Amino acid sequence: MELLVRYLDRRNSVSSDMTQDLINEETLRDDLRYYFMSPCEKYRTRRHIPWKMGVQILKIVMITTQLILFGLNNQLVVAYKEETTIALKNLFLKGYTGADEDDYSVAVYTQQAVFDSLFYILDQYSQLGQLSVGPISYAEEDGKLLPLSICKEYYRKGNLEPSDEAYDIDAHLETECMSHDPRTANMWRTQNASFFSFDFYRLVDITISFHLKGINLQTVRHRELPDCYSFHVTIIFDNQCHSGKVKLFLDIDAESNTCKDWKISGTAQKNTHYLLVFDGFVILVCITSAALCTRSIILAVKLLQRFSQFFKENFNRKVCEDDQKEFLNGWYLLVIVSDLLAIVGSILKMEIQAKSLTSYDVCSIFLGTSTLLVWVGVIRYLGYFQKYNVLILTMKAAFPKVLRFCCCAGMIYLGYTFCGWIVLGPYHEKFEGLSRVAECLFSLLNGDDMFTTFAQLKDKNILVWLFSRAYLYSFISLFIYMVLSLFIALITDSYETIKNYQRDGFPLTDLQKFLLGHKDFPVQEEIGQTEVELSNSIRHCYCCQRAPPPDDVILIS
């Protein structure tokens with residue numbers, strides 16, 4: 001009788017353990033199913049409101065609105081700088097036609113023209129207040145006007161006799177400078193006559209530099225506080241080539257800063273307060289979004305640990321890398337990065353609105369990149385629909401092969417780039433620099449501007465002209481008819497493969513089998529120490545137990 005009681009107790013204990021194991025398994029399966037559900041399915045299953053999706057939708061609207069408001073303001077800043085540059089070129093460069101010639105503004109060809117252009121700059125600068133129609137004036141520092149400076153750079157000594165084909169040049173360069181009060185700059189020609197005596201065969205360049213101040217008042221009409229600007233203007237007479245052509249360059253380094261003493265009445269200040277409140281709300285939404293995504297990542301890691309422990313205890317198996325990647329959602333990382341960029345950009349924008357900073361370009365980079373990533377993140381929610389998910393799956397399948405293909409094609413592209421620069425650079429403006437060559441070849445690759453590239457090549461050198469034809473024809477034929485076609489074929493093949501998988505079903509992994517309730521997981525037996533290395537080398541290949549791909553999908557295997 002006692003033996004019968006012990007037997008029944010042991011049977012009940014085993015039955016209880018098996019029941020608890022089944023409960024744990026079903027609980028894990030339910031949690032996994034819930035984790036991989038779409039927001040709508042989660043709401044229908046457990047009536048959980050999809051806060052994360054709602055925050056993302058709100059964030060898209062707010063960040064896009066913020067970007068548009070800042071972009072309109074930034075356009076005013078850029079337009080002011082560009083128009084100020086054109087105005088100063090018209091003020092100080094004699095003979096400026098309103099458009100630059102290649103990379104320079106004006107060119108002179110006689111000694112008298114050089115002197116006329118030089119003294120024209122001094123005359124115009126000395127009477128700037130009576131000539132300029134814009135709010136611009138001389139720069140001051142500690143109550144004193146910053147001087148205008150002129151520097152000439154020339155060879156230390158030299159003697160040229162072109163008719164005898166003889167020269168004697170000391171290659172060392174010397175620089176001589178002078179500066180004076182801006183309002184009396186036009187008197188320099190008489191007071192410093194010796195400085196303006198040039199030996200043009202020794203002269204390398206003349207540099208004139210001065211500082212100006214300006215205020216961008218156009219932002220007032222758009223209910224924004226105006227910015228104050230400091231302009232460092234540099235005018236260069238470039239004679240380095242000594243070809244008889246002196247090029248004039250005018251370069252402006254514009255730096256915006258907060259005005260020291262300002263007062264404004266109307267609605268600009270009130271509008272600024274509203275924008276600051278809006279930017280603060282954007283930061284709060286981004287912090288909430290980042291916190292929710294971080295929470296989801298933590299939950300995913302814990303769920304992966306539970307799933308891995310279950311497989312280890314019940315089947316003595318490790319979860320394969322493909323199944324592990326299902327838990328590590330890259331979209332959450334993308335959202336967190338976009339949130340961080342948006343927070344930094346919003347803080348910079350608030351500082352700019354408050355006139356504490358003037359880093360418009362840095363702020364635009366942060367806001368623009370964050371908006372790009374936010375809109376890219378929308379694809380995640382479209383991926384829950386099979387017809388829209390084909391784009392994501394195709395990109396994911398084709399990306400590794402496309403990347404390797406581009407590395408190989410890039411070697412050929414770089415070869416053509418260096419070859420075109422060294423051979424055609426002196427004869428064609430599109431091949432003058434490595435970056436310009438790369439841009440020109442990329443345009444040809446896309447079928448843009450082909451005839452112009454052929455026609456603009458100077459045909460004075462028949463050998464270079466013949467080489468250019470062979471060079472351009474071979475590049476266009478190779479990249480358009482072969483490389484580009486193969487590139488498209490890779491993506492097309494991946495797309496067709498994904499379509500077939502969507503029709504016939506994707507290969508099931510251990511995770512997907514577990515979610516479907518399968519029980520046929522073979523238990524891996526213990527292995528000896530001498531077999532560890534061999535087991536580790538083949539475990540990744542078999543842990544997912546996928547069916548071997550057919551021969552027609554070798555391109556994305």
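Glycine too: its Cβ is placed from the backbone N, Cα and C atoms.
Taken verbatim from TrEMBL:
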- 77-260: domain 'Mucolipin extracytosolic' (DOMAIN)
- 362-498: domain 'Polycystin cation channel PKD1/PKD2' (DOMAIN)
- 274-298: transmembrane segment (TRANSMEM)
- 331-348: transmembrane segment (TRANSMEM)
- 360-382: transmembrane segment (TRANSMEM)
- 402-424: transmembrane segment (TRANSMEM)
- 470-491: transmembrane segment (TRANSMEM)
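Non-local neighbours of the transmembrane segment (360-382) in the same chain are 38-39, 53, 56, 59-60, 63-64, 66-67, 70-71, 74, 77, 256, 331, 334-335, 337-339, 341-342, 344-346, 348-349, 352, 388-389, 391-392; each lies 6+ residues outside the stretch with a CB under 8 Å from one of its CB atoms. In the predicted structure, the domain 'Polycystin cation channel PKD1/PKD2' (362-498) carries a mean pLDDT of 86. Look at the domain 'Polycystin cation channel PKD1/PKD2' (362-498): DSSP puts its residues at 117 helix, 0 strand, 20 coil.
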